[in-house]
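What Swiss-Prot says about this one:
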TRANSMEM  25-45  transmembrane segment
TRANSMEM  72-92  transmembrane segment
TRANSMEM  95-115  transmembrane segment
TRANSMEM  135-155  transmembrane segment
TRANSMEM  169-189  transmembrane segment
TRANSMEM  200-220  transmembrane segment
TRANSMEM  240-260  transmembrane segment
TRANSMEM  264-284  transmembrane segment
TRANSMEM  289-309  transmembrane segment
TRANSMEM  338-358  transmembrane segment
Amino acid sequence: MLYWLIDFSSSFPAFNVFRYITFRTGGAVVTGALFVFLCGPWIIDNLRLRQGKGQPIRADGPQSHLVTKRGTPTMGGLMILSGLTVGTVLWANPLNPYVWIVLAVTLGFGFVGFYDDYMKVTKQTHAGISGRTRLLIEFAIAGAACFALVWLGRGSLSSSLVIPFFKEVVLNLGWYFVIFGAFVIVGAGNAVNLTDGLDGLAIVPVMIAAASFGMISYLVGNAVFAEYLQINYVAGTGELAVLCGALLGAGLGFLWFNAPPASIFMGDTGSLALGGMLGSIAVAVKHEIVLAVIGGLFVLEAVSVIVQVASFKLTGKRVFRMAPIHHHFEQKGWTEPQIVIRFWIIAVILALAGLSTLKLR
């Protein structure tokens, strides 16, 4: 909404500052963080009061979690989504369609996760919505978003897969891109969901990825920088940097309460929404493959589950002591802080590797 203050810049020249995406991105970071900092305690108290026993802990998971995690409320994603939405609505250009498409995916996935968390808490079981039903809803949301993105672009690039490291190598998938893009968004959402198993493990890599895609969005949406870096220019996507800033700020606020020992878990409400948001931004700015690099930690977690399940069904043997892979290291004797901080380091390295694709052509 503050973007509209530009209309008064002729009378108040200071309002010209709202033209700049960088300034509004910074404002979104601060707004998202302050909102969660200030409202977080109230939200946590209300969730704890309503949930009683908190998030149910899996009996077949690490036994230490039955003691250290029991009674902690979930649905903390509500804090993140609230801060993210307030920061976005306040600082983003309300006339930019990319903003609303990505925000719709984020809140849509958040609603699916919220209902899943609600089912788990009320029934005190780790089984929420059936996997098939959840995936169908996620694919419907993601497919609609990808259709809108292709229609919005109305050009060959909008339906193409861009190959990093090469100057002008693109694969035009036509309308099949809608299917591909939906898989990217749904895959990202569920990969982040699988990563969210230890205090602070998911939110920091999400913030790292958000900061990275904030930079990518700004560069892709700027014709001058895009030409200099020889990357594909997508008009209007620079505004997505503001959303990334709002997510970064809200994530910082949430980490304050999610730092071990966590006062609250983000739950599926947060993890599905944030993963879906990263996936939809990657699709919008034509950096789907780069997402697999920057979000490589999430890919690793998801692949570890796929490999574990496939191996057990085919051979009756497990590759890992427990999946996702962060539980494997728990079973090997690594402490929770060791796993979390080491995975953060991996996330930083992967983000730098992903950002390097912008220059290596």
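Just so it is clear, glycine is given a Cβ too, placed from its N, Cα and C backbone atoms.
With a cut-off of 8 Å between Cβ atoms, the residues of this chain six or more beyond the transmembrane segment (240-260) that come close are 21-22, 24-37, 40, 44, 76, 79-88, 91-93, 98-99, 102-103, 198-200, 203-204, 206-207, 210-211, 213-215, 217-218, 221, 266, 270, 274, 277, 281, 284-285, 336-337, 340. Contact between the transmembrane segment (289-309) and the transmembrane segment (135-155) is absent: fewer than three CB pairs lie under 8 Å, with pairs separated by 6 or more positions in sequence. For the transmembrane segment (169-189), same-chain residues at least 6 beyond its ends with a Cβ under 8 Å from one of its own Cβ atoms are 105, 109, 135, 138-139, 141-143, 145-147, 149-150, 156-163, 232, 271-273, 275-276, 278-280, 282-283, 288, 291, 295, 298, 302. Outside the transmembrane segment (135-155), and at least 6 residues removed from its termini, the chain residues within Cβ reach (under 8 Å) are 97-98, 101-102, 104-105, 108-109, 112, 175, 177-183, 185-186, 189-190, 234, 272, 276, 279-280, 283-284.
For the transmembrane segment (338-358), the residues of the chain that approach it from at least six positions outside its boundaries are 164-165, 198-201, 204-205, 208-209, 211-212, 215-216, 219, 229, 231, 260, 290-291, 293-297, 326, 329-330, judged by C-beta separation under 8 angstroms.
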